[in-house]
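J.: Please read through the structure below; I'll follow up with questions.
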Amino acid sequence: MMSRPYNFSAGPAAISEEVLAIAAAEMLDWHGCGMSVMEMSHRGKEFGQIHAQAQADLRTLLAIPEHFHLLFMQGGAWAQNAIVPLNLSRGETVDFVVTGAWSQKSTKEAQKYCRAHIAASSEDTGFTTLPAPATWQLSDRPAYIHLCSNETIHGVEFHELPDLRALGCDAPLVIDFSSHVASRPVDWSRVGLAFAGAQKNLGPAGLTLVVVREDLLDRALPTCPSAFTYQTVAQHGSMFNTPPTYAIYIASLVFQWLLRLGGIKAVEARNTAKARCLYEAIDQSALYTNPVDPACRSRMNIPFHLRDAELQDAFLAGARDRGLLQLKGHKSVGGMRASLYNAMPMEGVLALVEYLRDFEQTHG
Ligand code: PMP
């Protein structure tokens, strides 16, 4: 296969070439059954096999305990901003930790369904820090605490999830882990529910992953749509209605690829090394800056600015010429952003670092 460019998109994002090649080979005829995965009944034995394998492999990969249900849903992570309060809030108070654009959007959306209380916010630092859990102003009896464990736009990541019990709070923790799911292990003892859109680290858009603790299935509001009621989806093994079958199939190939890489610890080590390499190049240069506190820098989404913003178009055009794609930052913060999801190899990061140096030499 011809070598492909390196794609730094924040999502939908690059998928491992190995996975794409398997999907291409199996496109017309999956394992000799005469059908493409797209053409199969979701209730047939062939898709049943793919679905069961995907569930089992993801459970193994992320070491998800038995008392959590693993749901494959639709609607994206955005829809979960409404679906979570419909299922868990009972219309009562929910505490939000606001650390960037995505937790901000979650708070606003949830306000339609519950009382949203902002327990902590890092807006005063331009979302470049994380408020220490000991400083959070939690409500008396929140239905749950919501946070975004990796802010895709601002590039901040909780390297460790908070221990709510140590804060004297027994409410469940809900995390939006869309942009770093499957990039590192998760401490499930600290989590009540985790959700993620698939299109960054798990596969194509269209699939939404929800991992929910068994005891949280009993509290949905009666107005919650059936297809979005966790208990209903769980009781039907994610087959209450037609699931996004092709997206699940590609995700299952991604899970198998991650297991072949050595599992989540090995994947985390790769990601740590990649991020360190890029942050070092940014920090050592006189042209590029990253504003985020090093203690909470994301390993997945690395925003950076050129000190001379006039050079931005030339930077992006030069990057494209070198096969370094989709480096433009989110429009709300400007600048550049390199997303280093699992499918970005170290070679791609080294190619970007080399380009950063060359561009600085000619334009710095
Ligand atoms: N949460 C986070 C952290 C995200 O990065 C995104 C998408 N970029 C969303 C939620 C929204 O996801 P979707 O577009 O899949 O609904």
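The backbone N, Cα and C atoms fix where each Cβ goes, glycine too.
TrEMBL does not curate its annotations; it predicts them automatically.
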J.: Among T128, T129, T152, indicate the single residue that TrEMBL lists for the pyridoxal 5'-phosphate site containing W102, D176, Q199, N241, T242.
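T.: Among T128, T129, T152, only T152 appears alongside W102, D176, Q199, N241, T242 as pyridoxal 5'-phosphate-binding in TrEMBL.
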J.: Should R43 (L-glutamate binding site) be counted as helix, strand, or coil on the basis of DSSP?
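T.: It is coil.
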J.: Given R43, W102, T152, D176, N241, T242 as the binding-site residues, which ones have a Cβ positioned under 6 Å from some atom of ligand 1?
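T.: What lies within reach of ligand 1, judged by Cβ under 6 Å, is W102, T152, D176.
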J.: Enter the number of other CB atoms within 10 angstroms of the CB of W102 (pyridoxal 5'-phosphate binding site).
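T.: I count 23 other Cβ atoms within 10 Å of it.
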J.: Could you round the CA separation between R43 (L-glutamate binding site) and T152 (pyridoxal 5'-phosphate binding site) to a whole angstrom and send it over?
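T.: Roughly 35 Å, rounded to the nearest whole number.
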J.: Kindly assign N241 (pyridoxal 5'-phosphate binding site) to one of the three DSSP-derived states: helix, strand or coil.
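T.: Where N241 (pyridoxal 5'-phosphate binding site) sits, the three-state DSSP reduction gives coil.
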